[in-house]
Amino acid sequence: MDMQQETIERIIRQVLGQVGPAGGSIATLSGDAGVDPFQVAVGVSNRHIHLSRTDMDTLFGPGAELQRKKAMKQPGQFAAEETVTLKGPKGSLSKVRVLGPLRRETQVEVSVADGFALGITPPLRQSGQLDDTPGLTIIGPQGSVTKDHGVIVAQRHIHMHPSTAAKLGLRNGDEVDVEAGGERGGVMHRVLIRVAEASADEMHIDVEEANALCLKNDDVVRICKK
């Protein structure tokens, strides 16, 4: 097979959504990431922050509103134009993206390596589980705020629509294994299933996990039920 023909066939497979794990580029609201119903597209999360209304006012000025930069696959969620600096006991991280919409409580999501750089040890947690977590100082253009908790390393998880969960025999809170193909492929254990009506089927991992398996946004992995 010559190079041109091979390229054409690869493009056709991608368009049809039939590329194997870690080889596709598929985004869907229905969960059909290909012929195999257990396939799901990957979203890679870099460090970011979710802000409360009170902290938004302190950092960006009273009544400030987030400016949309880019829509995310989860309905209603977006990356904002606004960024902040995170300052810990040891160091700081600049240009940390704010994600919208605003939340009830401020939550910072970083990698393990980010924790080393900041001088804190954030635990591996589900989103929203902020008890007994470290804090830091958040610096914005109009002010700063020091939090006594709220920093986590996010547990890898799969957002899933109820119709997909029913089809796969999964429930909210289940944990599954997920297989990634490719030269640096492997199996990720204890991947949390998060089922909600306002969800698009997508697996969320952080940059460290993505780098370890050579995964990027929209690559396709496969759910392996325990």
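For all residues, glycine too, the Cβ spot is worked out from N, Cα and C.
The following features are taken from Swiss-Prot:
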- V44, S45, N46, M72, K90, R97, F116, N211: CoA binding site (BINDING)
- H48, H50, E109: Zn(2+) 1 binding site (BINDING)
- R103: phosphate binding site (BINDING)
- H157, H159, H204: Zn(2+) 2 binding site (BINDING)
Least surrounded, by Cβ count within 10 Å, of the binding-site residues H48, K90 is K90
Taking Cα atoms as reference points, rank the binding-site residues H50, R103, E109, H157, H159 by distance from K90 (CoA binding site) and give the first.
-> E109
Per DSSP, three-state class assigned to F116 (CoA binding site) | helix
In the same chain, outside H48, H50, E109, whose C-beta lies within 8 angstroms of the Cβ mean position for the Zn(2+) 1 site?
-> S45, R47, I49, R97, L99, Q107, V108, A154
Spatial hits near H204 (Zn(2+) 2 binding site) (Cα distance within 10 Å) out of the binding-site residues V44, S45, M72, R97, R103, F116 come to V44, S45
Extra residues within 8 Å (Cβ to Cβ centroid of H157, H159, H204), Zn(2+) 2 | G43, R156, I158, L192, R194, E202, M203
The answer, for which of the binding-site residues R103, H157, H159 has its Cβ ringed by the most other Cβ atoms inside 10 Å, is H159
From the Cα of R103 (phosphate binding site) across to the Cα of N46 (CoA binding site), what is the distance in angstrom?
-> 19
Students should find that the Cβ of N211 (CoA binding site) has, within 10 Å, a number of other Cβ atoms equal to 14
Rounded Cα separation (Å) that holds between H157 (Zn(2+) 2 binding site) and S45 (CoA binding site) = 11
Does anything in the same chain, at least 6 positions from S45 (CoA binding site), have a Cβ under 8 Å from its Cβ, and if so what?
-> E109, A154, H204, I205, D206, V207
Which of the binding-site residues H48, H50, R103 has its Cα nearest to the Cα of N211 (CoA binding site)?
-> H48
